[in-house]
Amino acid sequence: MSIMDERLLSGESAYEDADLEYSLRPQTLRQYIGQDKAKHNLEVFIEAAKMREETLDHVLLYGPPGLGKTTLANIIANEMGVNVRTTSGPAIERPGDLAAVLTSLQPGDVLFIDEIHRLHRSIEEVLYPAMEDFCLDIVIGKGPSARSVRLDLPPFTLVGATTRAGALSAPLRDRFGVLSRLEYYTVDQLSAIVERTGEVFEVEINSLAALEIARRARGTPRIANRLLRRVRDFAQVRGNGTVTMEITQMALELLQVDKLGLDHIDHKLLLGIIEKFRGGPVGLETVSATIGEESHTIEDVYEPYLLQIGFLQRTPRGRIVTPLAYEHFGMEMPKV
């Protein structure tokens, strides 16, 4: 089992997050906290489409996991007053799977494809005419007698979500009219999300405690809500049910989440480079072997936050741990 599967601070959705995220999900752009640039642009595009009585242009949402791409896809459907059909790149294994989904759509519907970068190229080719001309080309028969039949589709909006925009093929990426990058959240935005989640949980939470959880949530709402859920457990068992600063600090220390939101895996990655490779540079595959995790997981899940806070650098020669990370661990950088 991947160590990411057990990770409290992973931005990836876990099984236990599904019901919680559904209950916490805002229904409108007005209720949605953060992502102001993307939100304001979507407000204009949605309003313009409604005024023209057209479907919204296809939308690509990209950025690190846990920032609200699925939530925004559902909000787009709500704001347009249409239904949303949800699937994912790995779930669409054959062109026929995609054809079945497309032909089931009603006029104006939103089709949300999560992890769209994982679509097979043969499936992408079926998607191109569907996105451009709202039609589906189906090949009937085999060999010399095979013929292509074109089926008309109702106008729809494709919303694609990806953590790896660079992995999308250029022809697919170019067919999206709206591209929105989701950024990490500020501490104040996350604190507001934690307090809103506390209201849904019907748990009293001190404003300082909400800020402390926000500071350690790695700029990610999914992580903030997950941390609050665990801190709430400590508040009920070790306290009087109120999430206080004291309970929060105790809980997060026991959960091995430090003051910058780094956990034992981040420590293992950074200290591994420091202690075994004198801070780098060291290649990604070597780091992968050192901590026992796949290289693409390190690149997509672990490294973005470490790069964001300036603890790690990617260079042509490999990964380098920065002076900031040495300072965080109370260590001196080796002299060259």
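FYI, residue positions are counted from 1 along the chain as it appears here.
Cβ atoms here come from the backbone N, Cα and C positions, even for glycine.
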Additional site residue, ARG216, ARG218, ARG222, ARG226 [criterion: listed by Swiss-Prot with LEU24, ARG25, GLY66, LYS69, THR70, THR71, GLU132, ASP133, PHE134, ARG175, TYR185 for ATP]: ARG222
Secondary structure content, the region 'Small ATPAse domain (RuvB-S)' (186-256) (per DSSP, counts of residues): 52 helix, 2 strand, 17 coil
Cα-Cα distance linking ARG319 (DNA binding site) and THR70 (ATP binding site), given in Å to the nearest integer: 32
Secondary structure composition of the region 'Head domain (RuvB-H)' (259-336) [DSSP: H/G/I, E/B, coil]: 42 helix, 9 strand, 27 coil
Other CB atoms, at most 10 A from the CB of PHE134 (ATP binding site): 17
Of ARG314, ARG319 (the binding-site residues), the residue whose Cβ has the fewest other Cβ atoms within 10 Å: ARG314
